[in-house]
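Database features, via Swiss-Prot:
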type    : residues                                                       : note
DOMAIN  : 1-147                                                          : domain 'Clp R'
REGION  : 5-72                                                           : region 'Repeat 1'
REGION  : 56-83                                                          : region 'Disordered'
REGION  : 85-147                                                         : region 'Repeat 2'
REGION  : 160-341                                                        : region 'NBD1'
REGION  : 342-546                                                        : region 'Linker'
COILED  : 392-525                                                        : coiled coil
REGION  : 556-762                                                        : region 'NBD2'
BINDING : Gly605, Pro606, Thr607, Gly608, Val609, Gly610, Lys611, Thr612 : ATP 2 binding site
REGION  : 763-857                                                        : region 'C-terminal'
Amino acid sequence: MDAELTNRSRDALNAATTRAVSAGNPDLTPAHLLLALLEGQDNENLVDLLAAVERRPGGGSARAPSASLGSLPGVTGSTVAPPQPNRDLLAVIADAGRRAKDLGDEFLSTEHLLIGIRPTARPPRCSPGRAPTPEKLLEAFQNTRGGRRVTTPRPEGQYKALEKFGTDFTAAARERKLDPVIGRDQEIRRVVQVLSRRTKNNPVLIGEPGVGKTAVVEGLAQRIVKGDVPESLKDKRLVSLDLGAMVAGAKYRGEFEERLKTVLSEIKESDGQIVTFIDELHTVVGAGAADSAMDAGNMLKPMLARGELRMVGATTLDEYRERIEKDPALERRFQQVLVAEPSVEDSIAILRGLKGRYEAHHKVQIADSALVAAATLSDRYITSRFLPDKAIDLVDEAASRLRMEIDSSPLEIDELQRSVDRLKMEELALDRETDPASRQRLEKLRRDLADRERSCAAHRPWEKEKQSLNRVGELKERLDELRGQAERAQQHGDFDTASKLLYGEIPTLERDLRWRPAEEEAAKDTMVKEEVGPDDIADVVGSWTGIPAGRLLEGETQKLLRMEAELGRRLIGQSEAVQAVSDAVRTRAGIADPDRPTGSFLFLGPTGVGKTELAKALADFLFDDERAMIRIDMSEYGEKHSVARLVGAPPGYVGYEEGGQLTEAVRRRPYSVVLLDEVEKAHPGVFDILLQVLDDGRLTDGQGRTVDFRNTILVLTSNLGSQYLVGSAPEEEKRRQVMEVVRSSFKPEFLNRLDDLVIFSALDEDELARIAGLQIAGLARRLADRRLSLDVTPEALAWLAKEGFDPAYGARPLRRLIQTAIGDRLAKEILAGEVRDGDTVRVDRVEDGLLVGRAEG
């Protein structure tokens with residue numbers, strides 16, 4: 001008997017035996033088996049079978065025999081023999097075996113047992129008319145398995161396999177569960193053309209992640225439902241297969257192959273009525289291929305080649321190259337359909353089409369300007385992802401954030417309400433007291449309570465506005481639901497219902513929705529923000545990229561017009577350099593070549609004159625953050641073998657997985673100033689790499705990824721020829737000598753690709769005095785954190801400028817002088833307790849230097 005049982009039948013008998021042992025029953029009865037069948041794992045097929053017969057969930061039947069188990073005789077003791085099948089159970093198994101033989105089945109399945117067990121285990125007080133008869137169960141069983149025979153020990157997983165492992169896109173389209181598909185007409189038409197072929201009618205959608213490959217398939221499903229397809233595709237079902245669900249739970253060898261074979265058989269038996277879709281098509285290569293088993297790709301090949309299986313696949317360019325192209329026999333059975341990234345204008349159109357769905361889901365309004373901002377800002381600032389997916393995510397997150405703010409009570413209202421509740425409890429306690437002090441406290445408390453209740457009443461409009469907004473959201477949801485009902489009624493030919501909806505209820509709801517915003521517009525002072533605007537989109541972009549939201553919306557022209565003034569505040573004595581950089585950045589922003597960096601400069605000059613400071617000021621001005629500067633010391637790249645560190649080690653070398661120092665930094669922060677310090681010390685191979693960046697605005701790293709440099713400003717610094725700049729020769733002669741040195745050191749093709757060569761002049765004493773003022777102001781800000789004030793006399797400032805002046809070293813000696821003459825002395829006085837928090841520190845000129853101490857009075 002064991003040899004003829006399926007795995008689940010054997011498990012059910014073992015579970016029934018265990019149940020009988022735990023209950024102390026000496027006999028194994030049909031009631032034990034029925035309970036084991038209906039309460040066991042993986043019993044969906046039996047529950048569905050009972051539900052089909054009884055027209056109700058099958059779980060109700062599982063409770064009936066459990067009540068009758070208590071009436072069975074029980075035994076106790078340590079030498080109790082294991083329970084044996086009684087006469088009724090043996091008759092059930094024999095009857096099930098006969099039925100299996102009559103049906104041509106090779107194994108005894110759980111369904112055979114259920115058909116045989118049902119009459120003998122009928123619960124007490126259950127009328128014969130309500131209990132399913134064996135004939136009804138047998139009829140339902142034959143309908144469920146669709147004429148297939150039980151020829152394996154695991155047949156239960158093969159019934160309704162397509163329903164279990166697939167999602168019907170056409171059914172979802174009929175129920176309006178799919179988002180509308182805007183555009184993509186050319187791609188959908190191409191898919192229809194391939195599907196209409198006689199053989200190899202299998203299109204594969206290839207494109208970057210997020211460009212809308214699955215949306216093309218959803219658009220095809222919607223067209224099939226509307227009948228907007230050729231005759232060869234009319235009334236077809238588009239079913240998405242879930243390979244992950246097929247692999248999941250396949251415990252035994254060959255179980256995955258059986259599941260897939262059953263699905264393919266169902267598709268074949270549909271006689272071309274089913275078109276399948278596999279998202280992430282590359283997963284079929286190797287899926288289920290454990291222990292030398294055949295993978296899904298090899299099982300699909302014969303049907304794909306003969307045209308028995310019409311399949312639509314979707315995968316990314318990289319995965320297609322790495323997985324599908326390596327199997328030419330599989331690749332030739334598919335026809336490529338490229339899905340390109342839509343333009344910003346097309347993305348805005350897509351967002352407008354989806355706007356209603358997101359408004360209904362989040363119950364907020366979404367301004368059209370927010371949609372435009374989402375498409376433009378995501379295209380400009382989120383370069384690692386693709387439209388329209390990134391723009392849709394921006395709108396979704398901004399609407400979600402606004403919904404969360406609406407649902408959350410404002411902090412001040414919440415605190416007011418809590419304080420009112422606390423004061424009311426105090427009032428009840430004080431009201432019982434009779435002494436004068438308590439009565440006085442009670443009067444004061446009641447006055448305070450009245451004030452707070454008035455404040456709470458002033459905030460009640462917030463609740464009213466919130467309720468009104470929720471009502472608008474409910475109206476939108478209802479409107480969306482009615483439109484779906486009208487669409488389904490038209491598809492089924494119920495024009496009476498469709499006309500009632502289209503010309504009755506829907507126009508009424510639309511009027512209500514138009515009237516409510518007009519009413520709310522009249523009341524300008526609203527406490528609840530109900531519309532997603534460009535500011536909200538910019539906030540989300542800022543949280544994703546780290547770029548401040550205010551700068552995202554500020555006009556480029558306004559920002560760049562004040563560039564010299566902003567940079568000039570930080571950089572003293574280099575007006576020509578500031579002017580040259582500002583002009584170059586403005587020119588590139590105005591008539592920008594989209595395939596080059598925003599700016600590329602070579603800063604030349606002696607040490608300490610502000611080359612690095614200008615790069616920091618650029619990062620702060622353009623990106624609101626000094627840390628938006630990627631600084632690489634080129635003296636570390638003087639050896640030939642170290643050049644590869646910039647872009648990452650090639651495959652097979654140590655450090656391949658880590659990426660490049662330059663490429664990884666720019667990939668993580670594409671909007672930044674890249675400072676390559678002391679570039680003349682780098683190996684000549686570095687400049688060959690930089691040629692590609694300066695010319696094309698892109699660089700390929702060691703792992704084959706293309707890194708975008710188009711939004712960076714490239715700054716290279718060098719001390720070449722600085723000895724000529726500190727001399728007394730005329731300015732033009734100095735510049736000529738510097739340029740001769742530069743031309744002899746760098747290749748012409750490198751210099752020719754730079755936007756500008758900026759020469760920094762040496763600082764004079766007046767400029768150093770102004771720099772001293774900036775340094776002192778920085779020290780004062782640091783002292784303010786300790787609540788100390790700094791007062792430096794003009795005489796002390798002049799002494800600092802004079803003593804710190806050294807044309808050969810620029811402003812760095814001044815910084816060291818301020819640290820030693822003021823900073824170090826002040827630190828000693830703070831540690832000694834001579835200067836305390838809140839004091840004013842005075843710095844004055846004396847004969848032998850500076851006097852630093854606490855100001856008197």
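Glycine residues also receive a Cβ, built from the backbone N, Cα and C atoms like all the rest.
Residue counts of the region 'C-terminal' (763-857) by helix, strand and coil are 51 helix, 17 strand, 27 coil (DSSP-based). Sequence-distant contacts (6 or more apart, same chain, Cβ under 8 Å) of Lys611 (ATP 2 binding site) comprise Phe603, Gly605, Thr717, Phe760. Other C-beta atoms found within 10 angstroms of the C-beta of Pro606 (ATP 2 binding site) number 21, with every protein chain shown included. Mean pLDDT for the region 'Linker' (342-546) in the predicted structure: 77. The highest number of surrounding Cβ atoms within 10 Å, among the binding-site residues Gly605, Gly608, is found at Gly605. Here the binding-site residues are Thr607, Val609, Thr612, and the one ringed by the most other CB atoms within 10 angstroms is Val609.
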